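Below is one structure, written out as structure tokens; the observations come after it.
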Amino acid sequence: MDKGQNQPADLAGLQVDGLSTRSLPAENEASAVLGPPAVPNFETKIGADENGTNGVYDAVPAPIVENEMVVLPEDDDKEKHVGGFLGGFVWLVVNWPVVLLILVPLLAFIIMGSVGIPPYPAFIEGNRARNSLGAQQFDAYTAARDDWLEADSGTRPAGSLFADVGSEENQEFPPFTQETFSQSINIWFESTSGTILSDENVASQLRILNGFQEIVGKFCMRKSATTEECHPPASIFQATNTDTSAGLISSLNAANDVQKDRWKNYLGAKVNYDSGSGSWTKARLRIGGPLPGFKNVTHDADEQSKIYEAEYKGPGFTGLPTRDGWIRKMNDFVDEEAKTNPDLKVRYASGPMIGPVFFSALLADALLSIGALFAVGIIIWVQVGSVLLSVAAMFEIVISFVLALSTWRLVGNESFTFIQVLVIFIILGIGADDVFVFMDAWKQSRAQKKSISGSLRTRLQWTWARAFSAMLVTTSTTIGALCLTSIIDVPSIATFGTFAAIVVFWNFFFCVVWFPNVVIVHDMYMVRGCNDGCCARRVCGCCCQVCAKNWGLEEEGGQPADRAGSKEDMRALERFFKYTLHDFITNNTYRYILFGVFGVIALIGVSLAATQVNLTDKSLTESFLKESSDIQQMFNLLLGNSQAFQATSDGRKRAGHVSYGINQKNPIDRTGTYALGEGDQIGVPVFREGADLNSELFQNHLVETCDKIRTLSSVALRVADKTPESICFMSDFKTYRNAMGLPFPTAPTTLVSDLNSWRGDRCTLPGCYKNQAGTGVANTDRNYDRNTGFLTDGDKITFAFVSGNLSIPFLEQELSVIEPEYDEWRALGEEQNKDGFEPFAITDRTDWIMLMHTLINGVVSGVPIAISVALLVLVVATGNFWVSLFATFTIIGVMASFFITFVATKGKLGYYECMFLQITVGMSVDYVVHLAHSYNVSPRHTNAEKMQDSLGEMGISVFSGAITTLAASGLLFGCQFNVFFQYGSFIFFVILWSIIWAMLFFPALMIQFGPNGRSGDIPPIRYLHRVMCMGMEEGHEAPKAGHPVQVVPPDSVNVVSVKEADNA
């Protein structure tokens, strides 16, 4: 082959230490080679030289082979400065670092001061689905029903803890026969041995009840207006009029069905009426009013409420219970009793107790959260070797969160939620990771050639360009995954991800714009003065020698050490990742073992996710704190969510409802509502136009609907007569009219007045609404008005609803159990959709069913979409399909592995779990994306070499970031609040699996299958990279004639075709 023709123009005439270059053949240029056949292929690279910069660069000129030696252009040690934005920014940072150090935060404070931050709502809102038709119908029915209740019975004085017994301030204390209190102290006793009615436990219960009565003192409910004697606590002892174990058991044995049904209020669900064995009893200490100095319970009700609540907490300004308050006194009394009777556990609660007790638990968890912040700060300090830099890192994390709150308000949000506060733990890990990426690049810049390490300016431009590209890729993938939560039809989840994305953006901004100024100030005034009085001791937290070594300085003079990146001068972790870990993965045997192990892990995770993950049956109130928490158990008992006590036959039951008058397809108008606002802003029901709910046809139609409700299998039966528990005002109105000898249906023009007459008549006939004898339909069902009624506009009915109590227990929330019930009622609504009335049917569990469906659909669709978005962002960021695909495989492996720990620890998807699953993709991408990006821009040629560069450059950064996040999230395991605990466990295990897959599986995958050269490159994106990155980093220049070149062995490079060289 003639090698003396058609040499590329940029290589013609080069002089190589006396050796002349040779030309390449013109023919068959696609397969022409340089040098002897034994030389392996060399592909022209779009990239940097081995010691230099990362990114997209000018083409490296093809090597020349002469006497089995390959020649390359010689590195130039002359400092080179870039222009454009980066050049100007670097010049400004190097020359005016203190100005920017102050100016950027100052501008941020000005923005925060002018915009402010949104207020924190008093209640947790936005935790329900809103846009599905079922959710809209449920909200429309709820709003209309509440309007009916308000119109029917009015409202109590705002802020009053007492019942509304009169509105005139001069009203005297009402007789004791009236209910003069609305707050009671509920007391629950539990025997761990199951002998709640033993002599010892009965005596302990009586002592505690008497002791609590003494603590309450003057606030007790008095027996009459003229006596100071208090009503005894309502308990099984009062109900049976006995105070001995034997007397109680005897009374239980002799009790009839009515008594047993009534005594369920005081005895646990599993108490045996024959033997008296069981675990639970309940008592209620009644609080009376008015308080001394007030005329009645409505006289200055707000002030009475404040006095009453203050008695629980005691004096003080912290919100915590103090020694003189009821809570502390009762706690002390219970503790003393526990010393003599450890078998008996006592829990007690009332409305005013919730605040102080809740605040105590929240304070304890807040201290753990603050501990997480300190842990992150300490880890950053240890890693970067400077107190100043660690404080600056924590400052940018905190200010990013606060600035995001101002941004949140600026875009129109009226408040932020409790859930959004958790974003601080996301940004702790991401912020620390970005700081580590920048600082590791900064330290590594000292080991580069003189053209980079020669000055602060060249070092900063090299560091900033490398760190910026790495952080931009991870920030983009994280923001993309987080923003996907906005498609979830649960406002608190949708806004959580969006707000987190804003925080991540501001952290990125501060890390690339503000943090470099801190580094330059630290380097100019702290590090370089190490040997001049060792001023860095206080900042580095170590002696001068350690400080100098950590920052790559010689011991004398504080000048940069010319280390050239040798293995001996690397930090221990850098050596481990670049050599020890890399050598381990390069070994074929170990690599194949890794493939097998991770393959099995992924298969197990996918199998468990498909077969063992179920939806929770716990509501938010039941899962607010850990199940083992005494406070959560107290909440469950107080709210009736505990299985320890059963509802009586006419007690707490869910109901199904059929609604008329509301637009079936467009049931609610949410204009002007804010899903995260204070209060339940659900909207205004949209009533149908033209629906005649006064007509005789509708009266008969509604009675027919009630008859069909009684045939439903989901409707409960009354204990007394086994009749279905339907609640229907029109059926009772018909029965009343028939008993009175009046016609039914009544005339449409008089229907409303006739209904009002029926409700006002205190008769004792069948179908009567309410009477003194207690035989009216509203007397026998205390929830009557809540489950049936109507709204009117003048003499026209605009909304009517009827209901039926459901047989499934009140606490049941398992979808497989409650969905058939919902389907049966929905079918009834469709069946009655005739005669032009268009009703719809729901149940009290409809909102829960809609929420669960929304959450599971969000997970099923959201996670794959998030992974797809991550792949798309990776393709755009790397310009290489194979690198992006293999990184995505790793992310999928992380998700699959996470389900192993999820099933092992819980295995049930609830509100918090589904919410956190939405962001796991965003949390799991960072580490593998860092390594993938570093691999992609490596100038080396083989897969193993490129992966070695990636592990050497980014291994220490991603490992430090993982340790930081693991430490912060691990502290949350000790929190009582379930949201903190679940959040901490999610972050901990996602990050743990992420670092394992990123540091072991991904390198093995890339070494085995990863692309080299231009394999997998997407030319348009690579070209776009080159245009966008022009001038950001130092590239390669084509050698000119006479330019000195260095000689390297031919086995270190590959042969390249002329066509490839020209294309490059």
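Numbering starts at 1 and runs along the chain as it is shown here.
Just so it is clear, glycine is given a Cβ too, placed from its N, Cα and C backbone atoms.
Taken straight from TrEMBL:
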- 89-111: transmembrane segment (TRANSMEM)
- 357-381: transmembrane segment (TRANSMEM)
- 387-406: transmembrane segment (TRANSMEM)
- 389-521: domain 'SSD' (DOMAIN)
- 418-442: transmembrane segment (TRANSMEM)
- 462-484: transmembrane segment (TRANSMEM)
- 496-516: transmembrane segment (TRANSMEM)
- 590-610: transmembrane segment (TRANSMEM)
- 855-875: transmembrane segment (TRANSMEM)
- 881-904: transmembrane segment (TRANSMEM)
- 916-935: transmembrane segment (TRANSMEM)
- 955-974: transmembrane segment (TRANSMEM)
- 986-1007: transmembrane segment (TRANSMEM)
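Mean pLDDT of the predicted structure over the domain 'SSD' (389-521): 87.
Contact between the transmembrane segment (881-904) and the transmembrane segment (955-974) does not hold: fewer than three of their C-beta pairs are under 8 Å, each pair 6 or more apart in sequence. Same-chain residues lying 6 or more positions outside the transmembrane segment (955-974) and placing a CB less than 8 Å from one of its CB atoms are 368-369, 371-373, 375-376, 379-380, 383, 425, 428-429, 432-433, 436-437, 440, 571, 573-574, 576-578, 581, 926-927, 930-931, 980-981, 983-985, 987-988, 991-992, 994-995, 998-999.
Outside the transmembrane segment (855-875) by six or more residues, the chain places 473, 476-477, 480-481, 484-485, 487-490, 493, 615, 881, 883-885, 887-888, 891-892, 895, 909, 911, 914-915, 917-918, 920-922, 925, 929, 932, 1018, 1021 with a CB less than 8 A from a CB of the stretch.
Across the domain 'SSD' (389-521), DSSP assigns 115 helix, 0 strand, 18 coil.
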